[in-house]
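*Asks:* These came from TrEMBL, pasted as-is:
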BINDING   B:GLY18, B:ALA19, B:GLY20, B:VAL21, B:ILE22, B:GLY23  NAD(+) binding site
DOMAIN    B:14-186  domain '3-hydroxyacyl-CoA dehydrogenase NAD binding'
DOMAIN    B:192-260  domain '3-hydroxyacyl-CoA dehydrogenase C-terminal'
Protein chains: 2
Amino acid sequence: MPIPPCAPDRVRRVACIGAGVIGGGWVAHFLARGYDVTAWDPAPDAETKLRRLVDAAWPALEQIGLAEGASPDRLTLAATLEEAVADAEFVQESAPEKLELKRSLLAQLDAAAPAGVVIASSTSGYPMTDMQTEATDPGRLLVGHPFNPPYLIPLVEVAGGEKTDPAAVEWASAFYKAAAKSVITMDRELPGFIANRLQEALWREALHMVANGEATVKDIDDSITEGPGLRWAFMGPCLTFALAGGDGGMGHMLDHFGPSLKSPWTRLEAPELDDSLRTAMVDGCDEAAAGRSIAQLVAERDQGVINVLRATGRLPEQRNEGGDK
Amino acid sequence: MPIPPCAPDRVRRVACIGAGVIGGGWVAHFLARGYDVTAWDPAPDAETKLRRLVDAAWPALEQIGLAEGASPDRLTLAATLEEAVADAEFVQESAPEKLELKRSLLAQLDAAAPAGVVIASSTSGYPMTDMQTEATDPGRLLVGHPFNPPYLIPLVEVAGGEKTDPAAVEWASAFYKAAAKSVITMDRELPGFIANRLQEALWREALHMVANGEATVKDIDDSITEGPGLRWAFMGPCLTFALAGGDGGMGHMLDHFGPSLKSPWTRLEAPELDDSLRTAMVDGCDEAAAGRSIAQLVAERDQGVINVLRATGRLPEQRNEGGDK
């Protein structure tokens, strides 16, 4: 693949292909960050819906703070795919999740986009290796997987396929960072990437529970928002569980709760908790702690939970309702 | 079982058995809500550790707002289990997760506690049916499963065993609510209850990924805190996913992403997405939406994410770093 025509932090013009919930969310994000955005979507009412989505998102984006010169007026709807990408310095594809569609669409985009311009797919789970089969220059095709809504949730997972040029992966990661996203660059293709594998495991367990009458939709949602979800907004599942180990951290937690991995607490079989996995988890948590003691982490977690409780309206001004005192 | 000796909202004296991370967290919670708390733990340094935990938690609890008269001075350490529960109006057991230990401890507590007083176990996953086998009055034994730290995370899952009196389950649910907890009362025993089944599925997938070198601890934690975790602090996984379906909500989401359930996005096999499950999910989300339109829910989600981003320090005052505008 030729060298991308501009540096990741010099991009001004982005093309968004597909303008549904995710594609439209990307449009809103790039507009708010001050880019010129050209969008294309074959649906007859695409423009109306897209402008409505951007208008609905704009007040939120104003709250966050717009980039200088950012405006919904910098959105152009293109009549054709070719027109949409003709001047683009980056292309984000967010078509429906159909492998054949993605394959041919990416080949069309590759044929139409200026040489060297990186083309990212928002796919929720297809590996790029399976999608880049029909393109002439597969080296510039990669996955840039966002979360809904892309204009507010920072995460983008970046992963190339077998034929993707590592330089394109590096360029895209730098571009997304410049566009105010939080990037995880993967060194391999993994179905569902990382966050979706995690939330999909949770989601499948939830579906099983509803299917078997073990819990209602409300139980499931409440169990997360009133429980682990309050911690996960700022501290991930690994570091959170490390704090369940008291002063012993992740090591003690694994030794104490390790036997539970044999229990049928979910339909997902656990891996063998051997020395190598134990070490990887303990070392990973030590690294994440970056010198902070367990006591410091506990204090940070506590303040974080309080901040989230307050931010989500769950700390009334007066809270003296406990007991009958 | 005799009728509990006092109404759930008239409880003044609570006994906490086991004073580790969870037991100590319960102590801090009950103290902050204005109860007299008697604790017992056989470890030689239990009192020192417990008072340190309470002292460390207290500033957080002051921020939330203490119940009238609440004070760390209302904590008493008992010399024996019998002394700890002698005057208790409610008993919370938080011993290590060992089935035999739990069985004999609950039998001892049942023998020592005043007639009718409800005894709850903090167990992370044992069904009460398996733990109440040695007690004389198993009717008053039930699970009251908290989340770490119990003094900040609202959720408690309440579930009885086969021999538990439904009146005890009802009483405990009302008591926890009076003690400012958020309660899910389960109508059956399910290994891991609800929230732990969900987070355990996610956790096991995470362990598999680390074991196979597919992701690091940091990747996993970042993928949640920068992604789905921001939504789960205030909107559960079901309602969140409904919004991925655009105007079509959960129904459209299931039709669109349903085929992904066949993909290897996690090691957990998905259930069959038949009409009955589809209907249960759609109806459950409609019920959760309680008349709010998709557009209203999207606006609420957006404001929620912004509030959480701000509360967790991820919205700098100036955010004009996007692109090179």
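Placed from the backbone N, Cα and C atoms, the Cβ positions cover glycine too.
Help me picture these features in the structure, burial and contacts included.
*Replies:* Secondary structure at B:ALA19 (NAD(+) binding site), as computed by DSSP, is coil.
Within the model, the domain '3-hydroxyacyl-CoA dehydrogenase NAD binding' (B:14-186) carries an average pLDDT of 97.
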*Asks:* So which of the binding-site residues B:GLY18, B:GLY20, B:VAL21 end up next to chain A, with Cβ to Cβ under 8 Å?
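*Replies:* Listed binding-site residues passing the 8 Å Cβ cut to A: B:GLY20, B:VAL21.
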*Asks:* Can you tell which of the binding-site residues (B:GLY18, B:GLY20, B:GLY23) has the fewest other C-beta atoms within 10 angstroms of its C-beta?
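*Replies:* Fewest other Cβ atoms within 10 Å, among the binding-site residues B:GLY18, B:GLY20, B:GLY23, is found for B:GLY20.
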*Asks:* How many of the residues that make up the domain '3-hydroxyacyl-CoA dehydrogenase C-terminal' (B:192-260) does DSSP mark as helix, as strand and as coil?
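*Replies:* Counting residues per DSSP class in the domain '3-hydroxyacyl-CoA dehydrogenase C-terminal' (B:192-260), I get 55 helix, 0 strand, 14 coil.
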*Asks:* Can you name every residue in this chain, apart from B:GLY18, B:ALA19, B:GLY20, B:VAL21, B:ILE22, B:GLY23, with its Cβ inside 8 Å of the center of the Cβ atoms of the recorded NAD(+) site?
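*Replies:* Same chain, not in B:GLY18, B:ALA19, B:GLY20, B:VAL21, B:ILE22, B:GLY23, Cβ within 8 Å: B:CYS16, B:GLY24, B:GLY25, B:TRP26, B:ASP41, B:SER94, B:ALA95, B:SER122.
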*Asks:* Take the Cβ of B:ILE22 (NAD(+) binding site) and count every other Cβ within 10 Å, whichever protein chain it belongs to.
*Replies:* 26
*Asks:* Given the binding-site residues B:ALA19, B:VAL21, and counting only Cβ atoms in the protein chains shown, which has the most within 10 Å of its Cβ?
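*Replies:* Sorting the candidates by Cβ neighbours within 10 Å, the top entry is B:ALA19.
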